[in-house]
Amino acid sequence: MTLLILRRLGAAVGMIFAVSILAFLILSSGTDDLARNILGEAATAQAVDDLTRELGLDKPLLAQFLPWLGDLIRGDLGQSYLTRQPVIDVVGERLPVTFSLMALTIVVVAFASTALAILAATRRGAVDRAIQAGSIVAHAVPNYLVAMLLASWLAVGLQLFPAAGFVPLTVSPYAWGASLALPVVSLALAGVAASAQQARGALVDVLASDYIRTLRSRGISQRSLLWRHAMRNASPAWLTTLSLQLIGLIGGSFMIEKVFGMEGLGSMAVNATLSGDRPVLMGIVILTTVFVATVNLLVDLALAWAIPKARVS
């Protein structure tokens, strides 16, 4: 198990560096007018040249890349072109918003999809058909449309939840939860539907297997049969689907932040792209890559726990 963890950690670090380097090369390919975009069209040619030299954009690509790579290894993401603040600080100001949204959504997707899958797999008939139909509908509706409908109905119409904004957890736990309720439901709905369908299918197959029938004939309780045996054997398909859904939440979270007026990493990424603030955009890319690598690592470890053969694969 230790060797597996080390291998997966090495792969995760390698992926983070590979994506970071690729993103740097891509973002560095269109920097000819970057200084003018930052200063505006009214800037003089001299001011543009001065800013270009100050930012080091006049240097060859390799001369820009090597110092940047050295700073990255030391954990320094550079400074924002616009505010001249460290990127760590700039991104850190918005991180609590996106982190809160993503963390709560992950919890909701994991627990809700598991509960629905178990209910559908063990209550075959009307309950199963209702969950299946609801999952199909929920997965088909775009999350931004769900967000707008919920905001219009529950926030603007009934005024049960805030229509926009984010309240930090340190200010008020209740207000924090209220400000995230509608965004989390909007973002989690499709993920719950897809994960529940996949988990339900895998669980139905396992419950119908000879292995489970043999255990049932030995008098093992239904609770133990379900949680200790069936769920563990059905977990690979569910975990794989869940990991894909969680990674897909990144793009969806940016859209949800826009709908609910939450100043998170999504709006920052858009602003950095439009203004040409390459260091900030790079910081967001790297942070996103770390999230994806972490999800993949945790899923690999969970699969290794559920299926011992995966430890040597």
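Note that Cβ sites are derived from N, Cα and C of the backbone, with glycine treated the same way.
Annotation source TrEMBL lists transmembrane segment at 9-27 (among others). Proximity of distant same-chain residues to the transmembrane segment (9-27), defined by a Cβ-Cβ separation under 8 Å and at least 6 residues beyond the stretch ends, is recorded for 61, 65, 68-69, 72, 278, 281-282, 285-286, 289-290, 292-294, 296-297.
According to TrEMBL, the domain 'ABC transmembrane type-1' annotation covers 95-303.
The feature transmembrane segment is assigned by TrEMBL to 99-120 (among others). Residues 127-128, 131-132, 135, 166, 169, 176, 180, 183-185, 187-188, 191-193, 195-197, 199-200, 203, 226, 231, 238, 242, 245-246, 249-250, 253, 256-257, 262, 264, 291 of the same chain lie 6 or more positions beyond the ends of the transmembrane segment (99-120) yet place their CB under 8 Å from a CB of it.
If you look up TrEMBL, you'll see 141-162 (among others) marked as transmembrane segment. When Cβ-Cβ distances below 8 Å are used as the criterion, the transmembrane segment (141-162) is approached by residues 175, 178-179, 181-183, 185-187, 189-190, 252, 255-256, 259-260 of the same chain, each at least six residues removed from its ends.
Summarising the annotation, TrEMBL assigns transmembrane segment to 174-194 (among others).
Here TrEMBL flags 237-260 (among others) as transmembrane segment.
Annotation source TrEMBL lists transmembrane segment at 280-307 (among others).
Residues 100-101, 104-105, 108-109, 112-113, 116, 134-139, 141, 143-144, 146-147, 150-151, 154-155, 161-162, 165-168, 241-242, 245-246, 248-249, 252-253, 256-257, 259-260, 262 of the same chain lie 6+ residues outside the transmembrane segment (174-194) yet bring a C-beta within less than 8 angstroms of a C-beta in it. Sequence-distant contacts of the transmembrane segment (280-307) (same chain, at least 6 residues past either end, Cβ-Cβ under 8 Å): 1, 4-5, 8-9, 12-13, 15-16, 19-20, 23-24, 27, 72, 77-78, 80-82, 87-88, 90-91, 95, 102, 232-233, 235-236, 239-240, 242-243, 246-247, 250, 265, 268-269, 272-273.
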